[in-house]
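To start, the structure under review is shown below, and the notes come after it.
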Amino acid sequence: MDGQHDELSFSRENRLPSFTEVLSRRTRPPVDLFMFYLFLQREGAEDILDFWLDVQQHENLCRAYFKDVRKSGRTIKEDWPQYWDYARRRGSIYGTVVGLNPEVAGTKRSTASTGELLSEQDKRNLADEKPRSPSPRATPGMSDRTQVASTSPNDPIQRSTTPFSLSGRTPTLFNLKRASRAPTIIPRSSAITRQDLIASAERIYFRYLSPAANTVNSQENHEIYLPPSLRIHSFPLSSAHEPKTQSELAVLAQIPDMFHAQKEYCFRAMEQDAFPRFLRAKAFGNLTPVSSLVRLILGLLILWIGLAAAFSLVFLDVKPKSKRFFLFIPFTFAILFLISHQYELDPILVFFGQSETTPFRTLTIREPYVKKLLLGRAIWVTVLVAVFVTALTLLFWAVPGHRL
């Protein structure tokens with residue numbers, strides 16, 4: 001694993017990582033997935049990343065199911081004819097896994113996976129049958145046993161290692177509720193079933209997409225923003241009951257691909273908006289906003305003290321004049337803090353190879369190109385500090401004393 005990381009790092013010695021590399025956990029601090037999650041937390045927008053990670057795990061769960069079926073000696077067409085027919089007609093992201101030819105696998109999927117999941121005829125059939133509507137409070141899909149991790153070394157389920165939310169923030173474009181938690185993972189000791197897939201999809205729907213996410217069980221529901229064309233308005237299945245009717249089986253066939261279009265939208269939204277700002281914050285600076293603000297306050301305070309001392313030495317005409325050279329001490333701290341705030345970069349931390357994660361907590365910079373960028377900017381900041389401190393100190397040394 002270390003050799004793989006070294007090879008990946010070598011390939012990025014002269015460039016910043018891409019968003020895909022960050023999401024696939026192929027980058028190192030301070031531009032890794034953990035730091036990106038913390039960055040979104042500060043903006044109150046980590047729910048969109050939680051959604052992407054949950055859908056990624058849902059899709060990995062579906063892949064593991066299809067692989068289990070094929071390892072058992074059965075074909076997907078024999079095991080799940082409704083899904084096979086749906087994927088053959090409308091295309092599926094699992095085409096190569098389930099055995100569809102590349103032309104069918106690459107077909108643009110229909111928008112039937114967005115908006116209403118049912119046709120008008122299906123909705124009439126379900127209305128006649130009066131199925132139970134799943135409750136977000138009592139739904140097993142909302143429990144911690146929703147996501148299943150593979151124990152087979154050949155079929156790993158990607159795991160989210162993102163931390164839980166630290167505190168509440170102001171809602172943004174991406175989320176309407178806060179305090180989201182990372183996906184819960186348990187090891188599986190048996191084959192994945194279609195009910196597991198329903199439970200996974202049910203949890204994602206009621207947590208991120210249900211219109212009731214703002215009012216029902218707000219600690220577990222965090223509706224994200226999606227354009228109207230991508231919103232899913234209903235989820236007629238329940239993990240507590242096995243689908244039996246034709247209408248329910250038709251909806252079940254859409255479960256594996258249900259959230260893929262929404263996942264792609266979230267990927268593009270993060271890649272075009274949040275990710276560039278994340279790179280600017282972490283590849284060209286090493287301070288958090290709170291830490292930067294503290295430096296501004298301390299810098300102004302120490303500068304006021306230094307100027308007060310300087311003018312006192314001048315107007316009291318303190319002898320010998322060489323004592324004024326000691327003014328470089330408060331001027332150094334003041335200018336260092338002020339320029340660190342302006343550049344959001346502390347050169348001392350950079351020289352020690354550190355970057356802040358949360359206010360006044362640091363980790364080691366390990367991404368080669370980022371380390372190179374930060375070191376160059378740290379040297380520039382150090383030069384600026386030295387120039388300003390020297391200028392201020394010489395200015396107050398050269399001013400003739402005049403006792404008032």
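Residue positions begin at 1 at the first shown residue.
Cβ atoms here come from the backbone N, Cα and C positions, even for glycine.
Predicted automatically and left uncurated, TrEMBL annotations should be read as such.
Per TrEMBL, domain 'RGS' is recorded for 22-80, 193-288. As annotated by TrEMBL, region 'Disordered' applies to 105-170. The compositional bias 'Basic and acidic residues' annotation in TrEMBL covers 120-132. Among the features that TrEMBL reports, compositional bias 'Polar residues' is placed at 144-170. Among the features that TrEMBL reports, transmembrane segment is placed at 296-318, 325-343, 378-399.
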### Query
Residues of the same chain, at least six outside the transmembrane segment (378-399), with any C-beta under 8 angstroms of its C-beta?
306, 310, 313-314, 321, 324-325, 327-328, 331-332, 335-336, 339-340, 343, 345, 347, 350-351
### Query
Per DSSP, what is the residue tally for the domain 'RGS' (193-288) in helix, strand and coil?
54 helix, 2 strand, 40 coil
### Query
Would you list the DSSP helix, strand and coil counts for the residues of the domain 'RGS' (22-80)?
42 helix, 0 strand, 17 coil
### Task
Please work out the mean pLDDT for the residues of the domain 'RGS' (22-80).
93
